[in-house]
Amino acid sequence: MKKEKAVVVFSGGQDSTTCLFWAIEQFAEVEAVTFNYNQRHKLEIDCAVEIAKELGIKHTVLDMSLLNQLAPNALTRTDMEITHEEGELPSTFVDGRNLLFLSFAAVLAKQVGARHIVTGVCETDFSGYPDCRDVFVKSLNVTLNLSMDYPFVIHTPLMWIDKAETWKLSDELGAFEFVREKTLTCYNGIIGDGCGECPACQLRKAGLDTYLQEREGASN
């Protein structure tokens, strides 16, 4: 893969930034694509733009505002509370989001001569999102190849690792402090360690605390 090109689906969050660093190490050339779907915090897009600029990565922002029109949710509507009732999908789930993002990333990838697509979806910290499952990604990979007659390969470096292991991967890639300080995971739009209260921040912090304990234990 060292001689090939990849497109990374990039939000500016912890997971996709870790995947961006992973792709930079794995591929000869990397581009990033970010989707503007009228997310709750425009800072998310600004964050992605700044990270790509700092890393010298060619970056495309695509207008996907129609997604909010089709599937209103707590990620795009400030009047909707972020909730997750047992047995139901979280209010942050956006129907069709990863299906559309990966499909448009594939169109872009083919246009720029890349066959590798990298995404940070993960089953281990599964939040009930059906489009984060490995079976979905594998199925879509086949569908995209057939639909465009092109040998795409969708890579999911985080699929089988939890948040602590994601922090470990960023550390192994030499990007731990960068990811911790410059990414935006928080649903309330606070860069870095975030608000500490929303579900995304709690998951991120729990993983970070676990990894730091493991790293400290290994060094003793």
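Each residue, glycine too, has its Cβ placed from N, Cα and C.
These numbers come from a predicted model, not from an experiment.
The following features are taken from Swiss-Prot:
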BINDING   Phe10, Ser11, Gly12, Gly13, Gln14, Asp15, Ser16, Thr17, Thr18, Cys19, Leu20  ATP binding site
BINDING   Cys186, Cys195, Cys198, Cys201  Zn(2+) binding site
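Positions of the features from Swiss-Prot, shown on the structure.
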| residue | record | contacts (Cβ under 8 Å, 6+ apart) |
| --- | --- | --- |
| Phe10 | ATP binding site | Ser16, Thr17, Cys19, Leu20, Ala32, Val33, Thr34, Ala48, Ile51, Ala52, His59 |
| Gly12 | ATP binding site | Thr34, Glu44, Ile45, Asp46, Cys47, Ala48, Val49, Glu50, Ile51, Thr183, Leu184 |
| Gln14 | ATP binding site | Thr166, Ser170, Val179, Thr183, Thr185, Arg204 |
| Thr18 | ATP binding site | Gly120, Pro157, Leu158, Thr166, Leu169, Ser170, Leu173, Ala175, Val179 |
| Cys186 | Zn(2+) binding site | Gly194, Cys195, Cys198, Ala200, Cys201 |
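The residues near the Zn(2+) site, meaning same-chain residues not in Cys186, Cys195, Cys198, Cys201 whose C-beta sits within 8 angstroms of the mean position of the site's C-beta atoms, are Thr185, Tyr187, Asn188, Ile190, Gly194, Gly196, Glu197, Pro199, Ala200, Gln202, in sequence order. Other residues of the same chain near the ATP site, with their Cβ within 8 Å of the Cβ centroid of Phe10, Ser11, Gly12, Gly13, Gln14, Asp15, Ser16, Thr17, Thr18, Cys19, Leu20, are Val8, Gly120, Thr183. Residue environment of Cys195 (Zn(2+) binding site) contains 13 other Cβ atoms, counted within 10 Å of its Cβ in all protein chains.
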